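S.K.: Handing you a structure now.
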């Protein structure tokens with residue numbers, strides 16, 4: 001074998017060895033790249049799981065915000081006179097506005113029942129407390145002080161505003177009333193503030209009508225007795 005042939009053979013062997021080494025390195029790099037890609041995919045999956053968890057948490061928060069209590073009866077009462085002032089009917093108040101004396105206080109309490117007809121008990125140590133607030137943007141001419149089972153409203157300046165009465169549970173409101181027009185007046189008339197008797201005593205009036213019907217029936221019986229006495233007297237004369 002000549003010297004030129006020997007050099008040519010060595011070059012071919014070196015080239016082949018270099019190609020094999022390059023292929024081996026490429027293979028290693030390819031495996032590492034796949035591992036890294038796989039690792040990224042796993043991280044993305046974990047991130048998706050976290051996102052799904054956050055969505056569930058958001059749903060829970062949204063569900064809590066949507067929670068409310070169903071109130072069937074909500075009557076605002078003059079605490080001192082024990083008279084009805086106003087009551088909620090569907091999405092509004094019947095009877096109003098609510099009059100508050102200027103530089104004096106009106107103490108009010110609430111009779112409320114839930115959808116099952118159970119009375120809602122208010123108090124500082126009870127499950128529910130009575131609160132109220134001036135409607136946002138309305139004139140703040142009424143000071144409202146809550147005592148858990150009743151409210152004290154004090155007129156600070158004459159004029160009209162609107163308030164919302166609330167049923168609080170822990171640190172949030174479970175139920176908000178419709179907006180109640182409230183007027184601070186210099187000349188306060190307690191009787192004018194009280195609601196009509198129709199709502200308060202309607203049942204009693206019906207009962208009174210029944211009594212009146214019974215009286216009419218009793219009068220008819222008395223008329224029959226008179227007629228019977230006349231017949232007996234006529235027979236005696238005969």
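First residue shown is number 1, and so on along the chain.
A Cβ is built for glycine as well, from the same backbone N, Cα and C atoms used for every other residue.
Relevant sequence annotations retrieved from TrEMBL are reproduced here:
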| type | residues | note |
| --- | --- | --- |
| COMPBIAS | 40-67 | compositional bias 'Basic and acidic residues' |
| COMPBIAS | 176-195 | compositional bias 'Acidic residues' |
| COMPBIAS | 196-226 | compositional bias 'Basic and acidic residues' |
| COMPBIAS | 227-238 | compositional bias 'Acidic residues' |
| REGION | 27-67 | region 'Disordered' |
| REGION | 173-238 | region 'Disordered' |
S.K.: Under 8 Å between C-beta atoms and at least six residues away from its ends: which parts of the chain pack against the compositional bias 'Acidic residues' (176-195)?
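M.R.: The answer is 74, 76, 78, 81, 83-88, 91-102, 104, 106, 135, 141-142, 153, 155-166.
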S.K.: Which numbers of helix, strand and coil residues does DSSP report for the compositional bias 'Acidic residues' (176-195)?
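M.R.: Summed over the compositional bias 'Acidic residues' (176-195), the classes give 4 helix, 7 strand, 9 coil.
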